[in-house]
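Just below is one structure, and these are the notes that go with it.
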Amino acid sequence: MSGHNESILREPLITGKNITYAQITDDILLPVENKPNRAWWIGFIISLCGATLWVVAVSYTFWFGIGAWGLNKTVGWAWDITGFVWWVGIGHAGTLISAVLLLFRQNWRNSINRSAEAMTIFAVICAATYVVSHMGRPWLAYWVLPLPNQFGSLWVNFNSPLVWDMFAISTYFSVSLLFWYTGLLPDIATIRDRAEGMRKKVYTVLSFGWTGNVKTWQRFEAVSLILAGISTPLVLSVHTIVSMDFATSVIPGWHTTIFPPYFVAGAIFSGFAMVLTLLLVARKVLGLENYITMFHIESMNKIIILTGSIVGVAYLTEFFIAWYSGSEYEQYAFINRSTGPYWWAYWMMMTCNVISPQLLWFKKIRTNIAATWILSIVVNIGMWFERFVIIVTSLHRDYLPSSWAMFYPTWVDVSVFVGSIGLFFTLFLLFLRVLPSIAIAEVKLLLKSASEQAKLELIKDGHLDKEQVAEYVESLDKFDSVKQEEYAKI
Amino acid sequence: MSNIKYILGSFGDPDEMMHGIEKLQENNIKIHDVYTPMPIHGIEAKLGVKRSRLDIAAFFFGITGTMTMLTGVYLATVVDWPINIGGKTHFALPDFIPITFELTILFCAFGLVGSYYASTHLFPGRAPRVMDLRATNDRFIIAVDAKENTEHTKIDELLKGAGALEVKYNERKYISYE
């Protein structure tokens, strides 16, 4: 733990003066232990309106059937599956942060993993609602499960990617929930031991009797590591299987082997964008600038450049392979995507996903909060269009030109989508109110080694390479939570 | 004899607490348990906590998932209701790899977390056995059984000497019960 000091070249993960263990608890529990401020209420009321719209639109769909949507005989799959894939993709960043970054020992995950995992769970809930509502007869949703029944037993088609998807999504959701909740136990115990009355009772039940003794902590770390190890292939398998919903079909534009890696990269890309969209606001409103620092933001932006570029390469590869395959149907599908009636959607996708994220190569832009926030929303929009382009443009040109059609969403389509965003934010804002948005225990681990104050002590002690110190101090320039005057004196 | 059941050394710093553990052990004073707000690396070796076998359990839970799915699919597609799909084999293994993988992960995760909760006695509604309320906040607590170790003044000195901010004498084992 603190047997040795961390290299001075590493940027601090906790900034601020006089941060103590108690201070960390107080700062992070501030929104949980106090009445919410006006910003929270405004956000919550708007989200709740969205969630209400979602309830209305989904109920309408249940009552009148999916004829309420804009689907037609040619385009039989549109906004529903677009929304589903979009939400599942967004969920992926949470697992990536909590599992993959844990395996790679990236300590900066400690202050963002909790909210990213919460985001994963809420995004998968939004995705799952699409699965249920597009079934037409949602009361028969259990038919997707291989349950013994009185029709034979007639089993589900285990060869179908849609059945694989059901297994993947439900496993993903429940394993993410386990991982998240187990990680929450020590922090719920922290709230419990500070609370009084009814609150104490509720958090006592939720804390499962956590005390923080040696054995529990030791096993806790073993469990986290194994869960991270199994969640990493899990998260890759989930979007691989989602992509197989398309890739195992014989529709031109879908029937490609590049889909799995391309979908996984896209999922991480959109997920990190959503994490930034949420956390840039949360850190400001909740006053967590010292824990979610510019280093975190810049690191996430770097992942966005990487995955955005992978997605860009995948778009070009798809185009190249369509030409190279010599299959005229495949070639037509791609020419039609970029120049046909949905050209605007294709170029919207290209601009938002491939061109605009390249701006993040400029340090000025990726360390600018406003620019990052806008770009993260642009990426979210672009990723929605990516799914729309793949799905609708491949379907709208049927094999017979007499069946060619366009897709026009109805108010129900739009409301289900906008409403699901409302539902997502409602859940996220409630989470911020009742549970700690940062993993308190994990952040405390960083205090003695990776905090700005610990590094300042080291500098004051001397014994460090002057050049390295100068480089470190220079790297602090971009932090909005660090005062440079302190360092000018040394 | 006094009614003191446990002596708690309350430290503000994990390194000082580790120092405290060493001091007590040098003087052959048995430590009941240590409560900390975060995991402390290297402490299990000092206190003789055995290596966790949860990884082995996780492996077997995972294998159980694999076998369950393969058996289930075999029973459904070969034994119970074989369907001729273009003359292909009934047990089309490559098609079942994704779902078998998912069930492996599912069983592994639930088995692992279930075993963890069972082995550390965590379940919803369990009364928390807390000795010091600040152990989940900013204090690192060493608990010593006062009945077994009767040299209270010596323990006090050792703990304070190692940097304990406070030494508490608890007449009840757990303060969290009402």
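Placement of Cβ uses the backbone N, Cα and C atoms for every residue, glycine included.
Features as listed in TrEMBL:
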TRANSMEM  A:39-64  transmembrane segment
TRANSMEM  A:84-104  transmembrane segment
TRANSMEM  A:116-142  transmembrane segment
TRANSMEM  A:162-184  transmembrane segment
TRANSMEM  A:222-242  transmembrane segment
TRANSMEM  A:262-282  transmembrane segment
TRANSMEM  A:303-324  transmembrane segment
TRANSMEM  A:344-362  transmembrane segment
TRANSMEM  A:369-394  transmembrane segment
TRANSMEM  A:414-435  transmembrane segment
Fill in the blank from the handout: If one takes Cβ-Cβ under 8 Å and requires six or more residues beyond its ends, the residues near the transmembrane segment (A:414-435) are 31-32, 36, 40, 43-44, 46-58, 61, 79-80, 83, 87, 114-115, 118-119, 122-123, 125-126, 129-130, 133, 184, 187-188, 278, 282, 286
Practice task
Output the single range from A:39-64, A:162-184, A:303-324 maximising the number of Cβ pairs under 8 Å to the transmembrane segment (A:369-394).
Solution key: A:303-324
Problem - Surrounding residues of the transmembrane segment (A:262-282) on its own chain - C-beta under 8 Å, 6+ positions past either end - result: 85-86, 88-94, 96-97, 112, 115-116, 119-120, 123, 236, 239-240, 242-243, 288, 292, 296-297, 300-301, 303-304, 307-308, 310-311, 314, 318, 353, 357, 369, 372-373, 375-377, 379-380, 383, 386, 428, 432, 437
Handout entry: Tertiary contacts of the transmembrane segment (A:222-242) (same chain, 6+ residues out, Cβ under 8 Å)
Key = 85, 88-89, 92, 95-96, 98-100, 102-103, 161, 164-165, 168-169, 171-172, 175-176, 178-179, 182-183, 260, 263-264, 266-267
